[in-house]
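**Q** Handing you this structure, nothing more for now.
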């Protein structure tokens, strides 16, 4: 079995599973309780926060544990926008954001009258900093920009955007860091980011674990109320075992990061080179400034789902669009925004790698893909 759908989810590390089970069994107290079991659990929860902050180089930030990045994005965007509603009602985002961002913004537009400006991207999936500058208005209160696009892997100019926004202290800066964390380095504090979303199951943690990284002094209107937990940003008894497992996954992902990054980059380049040799294959991932784990390509004339299931028959698992949108059977919105056209957008396949995979995965993939494409083309004549 060759699993090449790691941008959708990754297999949890054994150590993460073990620490989750141990924490659930030994530290079952409610962190808000005043007795010893509560105090011990609260200390463990705080230790998990501190470990995450150390690993990510954060000093002036707090960690709000969430059920994942979808919740973190919702909490960040809605919480920030509603906290600023008396100041202004204009928000800027890119046109290729994850649905948890775009649908949150559209909800703010529909329910509260916010005006949303979506920055277009070029053919490689990059936004223009000049477009960002031009879009800023006196009533702009929030900018949201994903770090790494989840479909094609383009890396947005977050640091440059942060420099622009430092000149506008009234504007909050949110970054969806889900596909970038421990794939593409990002100095969160240096970039001037106010809110940053991460998800544990994208780097061998557990589903249902994630966090919103919040800069000190950033005010958010809570989406979940009913308690003072997590400084009132997210009410409800904290999922201590989930938080500890997230910290463990981050700790493991950070170990020997540079070496593993080099390996992943080499495997990606091998895939890109081999795919470019196949007649009719269009590579959608940009050659420069793209993440080391994502390769997106299209075979115009062959539907993505058909190609996906053909590979599945060979025990090779890939994906089409974002996993959150895959069952809609629509052409990739990201590729359409990049100007690729319906044929390319409707036939795109995403390969996404994990830390442990080497060049050994490329050969069996190509051995299945080449004859598979040939067979499908012959059937369509």
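Just so you know, glycine gets a Cβ as well, placed from its N, Cα and C.
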**Q** Hey, Swiss-Prot has pyridoxal 5'-phosphate bound by 69, 70, 179, 199, 200, 201, 237. Any idea which of 50, 150, 273 it lists too?
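**A** Between 50, 150, 273, Swiss-Prot records just one in the pyridoxal 5'-phosphate site with 69, 70, 179, 199, 200, 201, 237, namely 150.
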**Q** In the structure shown, which of the binding-site residues 70, 179 has the fewest other Cβ atoms within 10 Å?
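**A** Taking 70, 179 as the binding-site residues, the minimal 10 Å Cβ count falls on 70.
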**Q** What is the Cβ neighbour count of residue 69 (pyridoxal 5'-phosphate binding site) at a 10 Å cut-off, with all protein chains included?
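**A** Cβ-Cβ neighbours of residue 69 (pyridoxal 5'-phosphate binding site) within 10 Å number 26.
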**Q** So, in DSSP terms, is residue 150 (pyridoxal 5'-phosphate binding site) helix, strand, or coil?
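**A** Going by the DSSP assignment, residue 150 (pyridoxal 5'-phosphate binding site) belongs to neither helix nor strand, so it counts as coil.
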